[in-house]
Amino acid sequence: MALLLNLSPSSSPSAFLSCTKTLKALTNKPLLGFKNRALSVTSLHSTTYNSQPPPEVRTFWQWLCDQGVVSADSPVRPATVTEGLGLVAKRDIGENEVVLEVPKKFWINPDTVAASEIGNVCRELKPIISVSLFLIREKKREDSPWRLYLDILPESTDSTVFWSEEELVELQGTQLLGTTIDVKEYIRNEFLKLEEQILLPHKELFPCPITFDDFLWGFGMVRSRAFSRFGGQNLVVVPLADLINHSQKITTEGYAEIKGTGPFSRNLLFSLWSSVAVKAGEQVFIQYDLDKSNAKLALDYGFIESKSDRNAYTLTLEIPEYDPFFEDKLDIAESIGLSETEYFDIILGRPLPPMMLPYLRLVALGGPDAFLFDLSFRSTILGQLDSPISRANEALICQNVRDACKSALSGYHTTIEEDEKLLEGGNHDPRLRIAVGVRAGEKRVLQQIDGIFKERELKLNELEYYQDQRPQQHYTSLRIETRA
């Protein structure tokens, strides 16, 4: 009997695609601009900004004024801030006060693409792919109506998809490295399909060659700037609104909505507000996502936070097909709302996910405990798995989880003490600080998991088991796979 435990990447390419800034207006559930991200946003209302932004940003702002999107009375303006560009209060702003409203005709979304010259050839593309292609094409057009907006976009962000091979070396051993490689491979495959199906057959629509680097830029811009999953919009880039930065001190995600105006509410506005009061000259912030780990923040936006509960590690457990009890275990797993493969995110400072131990016991079940596969136990099996089944089953789990943690920890090229010393030193390149912060956080979580199961090992003789009196049988060793 074998248990398969896989310490795998915490995000997949599909997860990456679904994690644009989510807007959930008025609920507890909802890169930007011209910048290289710092380690995190460390201040909320402690800094005032009075300097003028770069000329291209002033030109963009004037264009928005001319178009009636903003005016002299607008409560915010773009400014050069710690993060690069941001939105700064022109006057005192009250809690939940609307700071910006952008009409639909100034959004960039799949409808924008559909109405453009390339709309017909983009109909079957994923929203993020079509909008990415649109941005790239417009960037290469000198007469693009979006020129003034495109001129303020950066050439890259600090998202790990833009890191060089030398920079990625600093992520050795981390789950973030594996996820970044998978995402870049996904982007490359999407580009090759795009090239074959659209770019080459329709050269008349794309007079300027589009390279993979162009596509990576467009994909990264849309991925980091777009808002999604609100007001019927799956993905929308909102110029000016996308300059708003993140702060870890903002603890609510409700900050925007799409609302209708005019007859029958047909004219849509993107309405953005500040969830806290802001003084004149201070930056207006939002919370991008309360649930993302530092690894996901680094992948999506190019920054991390200092909060300990942003550090996470994903354990992937699965019932291997070669298990002699595979069908029984899968049937039981499905009966309690689980599946053949389960992903458990372990967060620093928090207890194990409630279903992790029951699932581990199920995957490791065998030998003298196989009686639990009898149909007579199916109605109460979850109750049995909630508690230790046998000493052998519990010991097997502890031993192999600890071995997997030690194996994963051996894959990093630095110790946690070395990482902490580097973080204390300060003044590092932002990408190096991200790498050190992520790998140190992962190590702390692995140490936490190891400590939990070490403590459990020490108490094996004290635990009460469901079948203490059943005769013991031989347990084979578990096969453990670790993958960063």
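Along the chain as shown, residues are numbered 1 onward.
In case you wondered, yes, glycine gets a Cβ from its N, Cα and C as well.
Whatever TrEMBL says is automated annotation, not expert-curated.
Feature annotation from TrEMBL assigns S-adenosyl-L-methionine binding site to GLU83, GLY84, LEU85, ARG225, ASN245, HIS246. A sphere of 10 angstroms centred on the C-beta of LEU85 (S-adenosyl-L-methionine binding site) encloses 22 other C-beta atoms.
Here the Cβ of ARG225 (S-adenosyl-L-methionine binding site) has 25 other Cβ atoms within 10 Å, regardless of which shown protein chain they belong to. Residues annotated as substrate binding site in TrEMBL: ARG225, ARG229, ASP242, TYR288, TYR301.
The domain 'SET' feature in TrEMBL is assigned to 67-289.
All protein chains shown were included, and the count of other CB atoms within 10 Å of the CB of HIS246 (S-adenosyl-L-methionine binding site) stands at 23.
In the predicted model, the domain 'SET' (67-289) has a mean pLDDT of 93.
The binding residues for S-adenosyl-L-methionine are recorded as GLU83, GLY84, LEU85, ARG225, ASN245, HIS246; their greatest pairwise CA distance is 14 Å.
Here the Cβ of TYR301 (substrate binding site) has 24 other Cβ atoms within 10 Å, regardless of which shown protein chain they belong to.
If you check the binding-site residues ASP242, TYR288, TYR301 against ARG225 (S-adenosyl-L-methionine binding site), the ones with a Cα inside 10 Å of its Cα are ASP242, TYR301. For the pair HIS246 (S-adenosyl-L-methionine binding site) and TYR288 (substrate binding site), the C-alpha distance works out to 6 angstrom.
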